[in-house]
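The next block holds one structure in the form of structure tokens; read it before the comments.
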Amino acid sequence: MFTIIHFLVTSVFLTALRPQNRTMHFVTEFILLGFQGQREMQSCCFSLILVLYLLTLLGNGAIVCAVKWDRRLHIPMYVLLGNFAFLEIWYISSTVPNMLVNILSETKTISFSGCFLQFYFFFSLGTTECFFLSVMAYDRYLAICRPLHYPSIMTRKVCVTLVCVCWVSGFLCYPVPVALISQLPFCGPNVIDHFVCDPGPLFALACISAPSTELICYTFNSVIIFGSFLSILGSYTLVIRAVLRVPSGAGRTKAFSTCGSHLTVVSLFYGTLMVMHVSPTSENPAGMLKIITLIYSVMTPLLNPLIYSLRNKEMKNALKKVLGLTISQN
């Protein structure tokens, strides 16, 4: 599904952006400054980000394989986790490989079309993650608050439908903001003090002010971020209310531990998103924006497998089985 969406959107975007470059835009490429500093510091930064990237691929890839190969995990909760882990692989891959190349590059350039393609996929995958977090919170609400009705409500068909809705709706949300920003005139300079093509720096480089476009984009981001965040908050509020009624102290402790871990990642992800994409970013220092973006684009994909899956006993057993099978085959 992702490959088909990737091919169609790439073809459409490249076709749409090429004529704009000839008739409207003087800028044909952007320079992503990324993390500046001495060569030794950049090498250290490269090594650290590469290690985090490889660990993220390893952790999320192991979860995808475990869910796929262990039939005991073919239930809604783990199907959602498997898709979420698969999403995290693509989410971090939409920025980190280009970031690593830029660190080692002398020119640090990215084409006009490539910049907006990165913009589209990075934000579409981030939006899809928001939707998945909402659905996963809803799944936990049903399992804890309505356990007797859970099998009849969260059927395999419903689960597959929710997964498809998350993927498709995530990729249908951002063509309009990307098209609006890409149609602004960019006549120079073309230097973006960031490691990704982000709306804030792109608005700053436009030759004309576009308050209406900025308002549309920030409103759009606010609706997506706050809408999904409030749905997660509502689900976990109902979960906590149900947990407080559990007579067993051990049961309450276990449930609160799970909810607390999930809410920690949700708070980290949404907190940084709100700072970056809900409030105008022109007042924030460029260095702070890079750190905030690094947290939700690199750190959360690394932490999510640990929080959502690797602390789960059934997932641990499945991972041991998968790793043992891989070792025996080798």
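A Cβ is built for glycine as well, from the same backbone N, Cα and C atoms used for every other residue.
On a predicted model such as this, the values are computed, not experimentally measured, just so you know.
Features as listed in TrEMBL:
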{"type": "TRANSMEM", "residues": "46-66", "note": "transmembrane segment"}
{"type": "DOMAIN", "residues": "59-308", "note": "domain 'G-protein coupled receptors family 1 profile'"}
{"type": "TRANSMEM", "residues": "78-96", "note": "transmembrane segment"}
{"type": "TRANSMEM", "residues": "116-138", "note": "transmembrane segment"}
{"type": "TRANSMEM", "residues": "158-181", "note": "transmembrane segment"}
{"type": "TRANSMEM", "residues": "223-244", "note": "transmembrane segment"}
{"type": "TRANSMEM", "residues": "256-276", "note": "transmembrane segment"}
{"type": "TRANSMEM", "residues": "288-310", "note": "transmembrane segment"}
Within the predicted model, mean pLDDT of the domain 'G-protein coupled receptors family 1 profile' (59-308): 86
Leading contact stretch, 46-66, 158-181, 223-244 vs the transmembrane segment (288-310) - CB distance under 8 Å: 46-66
